[in-house]
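Participant: What follows is a structure written as structure tokens; I'll ask about it next.
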Amino acid sequence: MAVAAPVDGSVPNNNNNVNNTLFSRYLHTLKQTPHRLKKRVLATWTPEQESNEVRQRSGADMMRKLQWYDLVALGIGGMLGVGVFVTTGLVAHSKSGPAVFISYIIAGISALLSSLCYAEFSIHVPVAGGAFSYLRVTFGEFVGYFAGANILMEYVLSNAAVGRSFTEYISYTFGVEDPNSWRVEAVGLIKGYNMLDFPAVALILLLTLCLCHSTKESSLVNLLMTVFHVIFFGFIIAAGFYNGSASNLVKPSGLAPFGVKGVFDGAAIVYFSYLGYDSVSTMAEEITNPSKLLPVGIIGSVMSVSVLYCLMALSLCFMVPYNEIMENASFAIAFQKIGWKWAGNIVGAGASLGIVASLLVAMLGQARYLCVMGRSGLVPAWLAKVHPSTGTPLNATLFLGFCTAAIALFTDLKIVIELISIGTLVVFYLVANALIYRRYVIVSKNPPWKVLAFLFLISTTSLGFSVSWKHNQQNLLCILFIAMTLGITTLYSYIVPRLRQPSELWGVPFMPWPPAISIFLNVFLMTTLKKLSYLRFGIWTCLITIFYVMYGVHSTYLAEEVKIKENTDDRQLAEPKHIKNNGPSKV
């Protein structure tokens, strides 16, 4: 139908009319926010819906080609990055002394407990969403979104920072000591953002193109790099023990010169060398047999890395006394002290290779998180598409690759490191809570209030212990809070019944102890972070909450609630009239 021209003869501005209409519709949508929040915040999916109905929104399926050795290599590659080279010297010199290997054991136990929780969830919810999907099917849409947004933030920022550290270590490989020698200073930008890192950008973009092509081929590349990296670790360990002396473990002030507190404080720092194993869980849709292979990949990689880290820390303390270990480039300088200057170049080369493998695995994981969030409607659905020929989440990979490269061009490592740490620990804490809730409420059908009360008490006693420890009240108060934690968990395990897992499915043993201890350790590690990290985390939480309220909840409401209503109406219209006369149909 033709549109009448205005009386004054002017041409109507159709663009303005369309914009005004869209804006008015959006304002009308915002008025419904309270109702939609009520509907969607606690909305959950079943594991079957996540694995079938939701997964189909990506169009093509991801290709199932990965085997157990691919998963173990991906887990090891994701963890054997720059962390051990950055944290070991710092902790040995000023926190734990020669007992730094004990700090790694404590951190490894914490990582193993968290990995057990991930392993069980990955069997029952075998989709690429990792912690996002696990929490969405347990605690509802908003908690899942909160975890997914934090994991994505951790991935993008840490990948950008690690990409910049690649430039530093590759310069050490060629004997250049100035870490900024391969960067370009931009006049006019503030400090921390003024050193442009083009090698880091080139590396990230190259890995992005590799990941777009094929997951299996990317996994093979990672497998080769991981094998060489493990050999490199073996060289450092063997050289350290060969040239060192066991007497350095007790000189000059004993095995733990800073006391028990120093050992545990050191564990909080070296724990972040273990981050990366959760990437394995995001490969669930690309594994030939996820229910059997995922636990092997997740747990096997954590245990392998724990052994390597402990031996690395011991070899460093064998070479030189703890008070002579340098906080920066500790392994390279230790080799110089024993007369092996050429080995410093090998350390730089090996660390560079580890960074590439770590980046590859982390970028695999981040794209799959975003892909599954796109399926749910929390971010634009364009990001959920899987390319039919490559079987990879192409759009999500490209989008996050360019975001990571843009941040890596400007941002210094120190600016984002603590924001990364707290976001990851919060997600691990939530996953441990979710596993207990799932086992005792969703599976065993206990009243939710009993389980929620237990989770609240465990978190409270864990926080009490952590605050007491931080303020040097290690005696009576710490013992009291530990006794309360043990007593509450013991009482809960006897009072609240739990159904056993089906024999064909693997589950975390000795419930609820492993996730309860994981909750305790994650709370403890979070309290070791500085106040500034909590401020930054609070700002990030506000930003993602605003995005959810302004976009996410409305998108998922239209995708789920309206769609369900339309399907119900269609079914009722399609039914014969004589059926409708017998009463309302049950849908």
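Cβ coordinates come from backbone N, Cα and C, glycine included.
TrEMBL annotations: computationally assigned, not manually curated.
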Participant: Looking at 269-288, 449-468, which one is transmembrane segment according to TrEMBL?
Facilitator: 449-468
Participant: For the transmembrane segment (342-365), which stretch among 192-211, 392-410, 449-468 has the most Cβ pairs under 8 A?
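Facilitator: Top-ranked stretch among 192-211, 392-410, 449-468: 192-211.
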Participant: Other than its close neighbours in sequence, what residues sit by the transmembrane segment (99-121), given a CB gap under 8 Å and a spacing of at least six beyond its ends?
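Facilitator: For the transmembrane segment (99-121), the far contacts come to 88, 91-92, 130-131, 134, 255-256, 262-264, 266-271, 273-274, 277-278, 281, 294-295, 298-299, 302-303, 305-306, 309-311, 313-314, 316-317, 322, 428, 431-432, 434-435, 438, 506-508, 514-515, 517-518, 521-522, 525.
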Participant: Between the transmembrane segment (192-211) and the transmembrane segment (392-410), do 3 or more CB pairs sit under 8 angstroms, pairs being 6 or more residues apart?
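Facilitator: Counting Cβ pairs under 8 Å (6 or more apart in sequence), the transmembrane segment (392-410) reaches the transmembrane segment (192-211), since there are 3 or more.
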Participant: Hey, would you say the transmembrane segment (298-322) packs against the transmembrane segment (71-93), going by three or more CB pairs under 8 A that are 6+ residues apart?
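Facilitator: Between the transmembrane segment (298-322) and the transmembrane segment (71-93), contact is present.
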Participant: Which residues of the chain, 6 or more past the ends of the transmembrane segment (449-468), have a CB below 8 A from one of its CBs?
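Facilitator: Contacts with the transmembrane segment (449-468): 433, 436-437, 440-441, 474, 477-478, 481-482, 484-485, 488-489, 492, 496, 512, 516, 519-520, 523-524, 526-527.
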